[in-house]
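Undergrad: The feature transmembrane segment is assigned by TrEMBL to 26-44, 64-83, 270-287, 293-310, 330-349, 381-397, 409-431.
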Amino acid sequence: MIFTILLHFYVGKGIYHAKSIIRKKTFFIIGVVGSIGILGFFKYTDFAISQFNILGNLIDLDPGIPLLNLALPIGISFYTFQSMSYIIDIYRGNLIPSKTLKEYAFFVAFFPPLVAGPILRASNFLPQLREKLDKSSVSQKLKLFVIQRHNLKFGITLMSLGFFKKMFFADNIGPLVNNIFSNPIGMESFSIILGAIAFGVQIYCDFSGYSDIAIGAAAILGLKIPLNFNKPFFATSPSDFWSRWHISLSTWVRDYLYYPLVFKNRKSSGIVFISLLISMAIMGIWHGASWNFLIWGGIHGIFLGCYTLVRIKFPNLSSNNFFSTRFGKVISIVVTQYIVFFTFIVFWIKDFDHMIYAMKKYVFLDFATHNTLEIIKSNEFAVLLLTLFGILHFISYKKGNIPEKISKLHTTYWTILITLLFLAIALFYVGTPQEFIYFEF
């Protein structure tokens, strides 16, 4: 991280103060290549070596190249993308670089989102930081860092809800997912569908739970971190889903990868499709050095591409009266989520044979129920939690900003509610303690 901070701080200054286009591009290339090089070395070297060894064995060679077994630096995928957005924005003329190394280091190493996001944008975060650090007097600086009551309540509310999502829902649902996907061979279609839904809910509660904790911790300090999830299971299309799921990553890929790829050819169906496929494949690889993540990203790219091509070919389709009706909206949600949960199978299962089996069962239904009923019976609490999550997710969708509403309750009622959340965790926590899923990325 120290090398990344130093590299991008001085590259940013070099880009900003460059007297010629060639010099500006040179600094920019150094920054981008340096970022990708560091991330690639730590995250993908062993994967590349293992694949090279496998390929060598297939052609009767034995490369025998030993793995480096590199320890992945904490949060490297997240702070690398943060740092890259910083120099890209400076290169585009959208950002003035940090005046001091201290300011830039604080941006990169800001602890709440460091390990698992959200991915910060310098253009959003640095102005807030400068407001706190650039005050003329010490008393003004101290005043800005004093924890304010409404920030404290809102931050604690978000953090409490984050822990509740993680420990009450995600960790308790995890064993059900493991039971189904650890060896799906022989499972019925409805069992695979149950596993896909369960994992979708698990990873949402796990990841959005961490995001809530990070956003809440920052809020207590008076700093705003952008929303990372927005009721994704009510998305009505693939593009709508990615405007609601891991928003900080999807918008990063859109702004810094997809838009430059498609450039001025947004009306060209082929360019749009290929650009979406490349963008989503890279998003998949960003998650980890494994073929299943590349396939996961590719599938999302195909669905996004097909959806976008349909919109290009039939521009009036989205304004069709059917899709504005309640029934039309429900159909859109169901179809979209069926596709989304299908991709969660690929995200979880790394074994190729297991993956193909589960995908086939998900698409080509066998309508058998015996195995599924047995799984439900032996995982009654997890299935109950899935139902409860669906109800709460629907209420959140209908009522809007629930954390904001909770934080505005009278202090007595607010304290009781927060206490009940942690009491529920203590009473009903039956899962095995697990680290946040996105810590490994």
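Each Cβ is built from the backbone N, Cα and C atoms, and glycine gets one as well.
Given the structure is predicted, the values throughout are model-derived calculations rather than measurements.
What's the neighbourhood like for each of these?
TA: Within the same chain, residues 3-4, 7-8, 11-12, 14-15, 18, 70-73, 76-77, 80, 83-84, 87-88, 91, 285, 288-289 sit at least 6 positions outside the transmembrane segment (26-44) and bring their C-beta atoms closer than 8 Å to a C-beta of that stretch.
Among residues of the same chain six or more beyond the transmembrane segment (293-310), those with a C-beta under 8 A of the stretch's C-beta atoms are 237-239, 242, 269, 272-274, 276-287, 317, 339, 342-343, 346-347, 355.
Counting residues 6+ beyond its ends, the transmembrane segment (330-349) has Cβ neighbours under 8 Å at 177, 181, 184, 192-193, 195-197, 199-200, 203, 232-238, 240-241, 287, 292-293, 295-296, 299-300, 303, 323, 355, 358-359, 362-363 in the same chain.
Sequence-distant contacts of the transmembrane segment (381-397), counting only residues of its own chain at least 6 positions beyond either end whose CB sits under 8 Å from a CB of the stretch, comprise 168-169, 172-173, 175-176, 194, 197-198, 201, 205, 231, 233-234, 428, 430.
Residues 153, 156-157, 160-161, 163-164, 167-168, 171-175, 381 of the same chain lie 6 or more positions beyond the ends of the transmembrane segment (409-431) yet place their CB under 8 Å from a CB of it.
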Undergrad: Hey, which bits of the same chain come close to the transmembrane segment (64-83), Cβ under 8 Å, at least six residues off its ends?
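TA: Residues 1, 4-5, 7-8, 35, 38-39, 41-43, 45-46, 49-50, 52-53, 107-109, 113-117, 119-122, 249, 252, 286-287, 439-441.
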